[in-house]
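Colleague: From Swiss-Prot, here are the annotated features:
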DOMAIN    4-54  domain 'Kazal-like'
DISULFID  C6-C36  disulfide bond
DISULFID  C14-C33  disulfide bond
DISULFID  C22-C54  disulfide bond
CARBOHYD  N43  N-linked glycosylation site
Amino acid sequence: LAAVDCSEYPKPACTMEHRPLCGSDNQTYDNKCNFCNAVVESNGTLTLSHFGKC
């Protein structure tokens with residue numbers, strides 16, 4: 001099972017870094033920062049499906 005440490009999020013701004021990950025919502029996030037911000041907003045219901053595009 002893939003995991004990402006989101007303990008230092010949310011952050012007010014994310015870089016444009018392109019390292020896609022796929023969330024459990026079947027949405028592709030551009031990078032860890034965007035993904036982790038979404039995880040925080042979802043109150044932890046969003047998880048990582050896998051690294052790379054969905």
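Every residue, even glycine, has its Cβ placed from backbone N, Cα and C.
The model shown is predicted, which means the values in this text are computed figures rather than measured ones.
Where in this structure would I find these features, and how exposed are they?
Modeller: Secondary structure from DSSP puts C36 (disulfide bond) in a helix.
The Cβ of C14 (disulfide bond) lies under 8 Å from the Cβ of D30, N31, C33, N34, N37, each of these being in the same chain and 6 or more residues away along the sequence. A coil conformation is recorded for C14 (disulfide bond) in the three-state DSSP classification, outside any helix or strand.
Note: C22 (disulfide bond) has non-local neighbours T28, Y29, L48, S49, H50, F51, G52, K53, C54, i.e. same-chain residues 6+ apart with C-beta under 8 A of its own C-beta.
In the three-state DSSP classification, N43 (N-linked glycosylation site) falls within coil. In the structure as shown, the Cβ atom of N43 (N-linked glycosylation site) sits within 10 Å of 7 other Cβ atoms.
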Colleague: Under a criterion of Cβ-Cβ distance under 8 Å and sequence separation of at least 6, what residues of the same chain contact C6 (disulfide bond)?
Modeller: F35, C36, V39, V40
Colleague: Within 10 Å of its Cβ, which one of these disulfide-bonded residues (C33, C36, C54) has the largest number of other Cβ atoms?
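Modeller: Its Cβ has the most other Cβ atoms within 10 Å: C36.
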